[in-house]
Amino acid sequence: MAPHTAEWDQKELFPVDVMRKAAQLGFGGVYMRTDVGGSGLSRLDASVIFEALATGCTSTTAYISIHNMCAWMIDAFGSEEQRHRFCPPLCAMEKFASYCLTEPGSGSDAASLLTSAKRQGDHYVLNGTKAFISGGGEADTYVVMCRTGGPGPKGISCVVVEKGAPGLSFGKKEKKMGWNSQPTRAVIFEDCAVPVANRIGAEGQGFLIAMQGLNGGRVNIASCSLGAAHASVILARDHLKIRKQFGAPLANNQYLQFKLADMATRLVASRMMIRSAAVALQEEREDAVALCSMAKLFATDECFAICNQALQMHGGYGYLKDYVVQQYVRDTRVHQILEGSNEVMRMLVSRSLLQE
């Protein structure tokens, strides 16, 4: 991905063929069960994979991580019939998936979502709009949280809406600061009929499914930040060795040496926290939610700061699109916002501590 990341960013290309090659290596269903085409690997394995891929193209890897999250939700909570119907093409990335939770009026307060799903015979009829959907318009499988019952989290269910369903449409492609290799659009439901057979889990279980997916999504997206930060440290190191000012390489400047040391230290600290959260999630430990929230909060903040410092070390060159470091800055900034903003992560961590 690395040789193409600048072109994908500038031309806003969704690299379908490259992602399908990634799927041939097992990256379309990293931690899904093998009987439906998954790789059967652990959350720890997934963190290592997403970090490595994100050194090449953070934006594309972030979409692959979201795709994995959606596919896992179907694998984990779907019936056997649903698993074998939906998961194999997702693992092969013959079909792509999008996660539909956020709405124009409900971001951090996801339990207040308004998209309705009213049952009529053997179908649900969906009405509402989802916002900021990665892969929107290009994806084939939409994992949608919708309201089948009363207010609050217990009224939410999870259904799979397939592209081409009557009443499904998309908003304009959003113009974004980063994440340009994946399209972002509103997903719109207008009397959209979806078979009841496409409901994942029981009615009222949707919010639980959504949050379970997000726990892994937070580890995944934090791992993508790791990849960008790791690449940025290497870029900064190499630039300091080559660039000369005041008659000597910048690498001879002790202040910049110490800055580089701090960046590397914060990178490793972030990596250890994310890997620890991944293991806790895999083992289904009681502290998994808190650790995933801590890892997402700490690592996305720290890794963005590392990328930004690497840009600073490049001076004016860092601000040019000829130098990829600026793309790592742009692509990691959104990681502090999505999969639960870092302000919400603080709330989850504090709630966990106060309940002990």
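Backbone N, Cα and C atoms are what each Cβ position is placed from, and that goes for glycine too.
Quick look at what TrEMBL lists:
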{"type": "ACT_SITE", "residues": "Glu339", "note": "active site, proton acceptor"}
{"type": "DOMAIN", "residues": "2-94", "note": "domain 'Acyl-CoA dehydrogenase/oxidase N-terminal'"}
{"type": "DOMAIN", "residues": "99-192", "note": "domain 'Acyl-CoA oxidase/dehydrogenase middle'"}
{"type": "DOMAIN", "residues": "204-354", "note": "domain 'Acyl-CoA dehydrogenase/oxidase C-terminal'"}
List, in sequence order, the same-chain residues at least six positions removed whose CB sits under 8 Å from that of the residue listed as 'active site, proton acceptor'?
Leu214, Gly217, Arg218, Asn220, Ile221, Lys296
Just to be sure I understand, if DSSP states are collapsed into helix, strand and coil, how many residues of the domain 'Acyl-CoA oxidase/dehydrogenase middle' (99-192) fall in each?
6 helix, 47 strand, 41 coil
State the mean pLDDT for the domain 'Acyl-CoA oxidase/dehydrogenase middle' (99-192).
97
Please work out the helix, strand and coil residue numbers for the domain 'Acyl-CoA dehydrogenase/oxidase N-terminal' (2-94) from the DSSP assignment.
66 helix, 0 strand, 27 coil
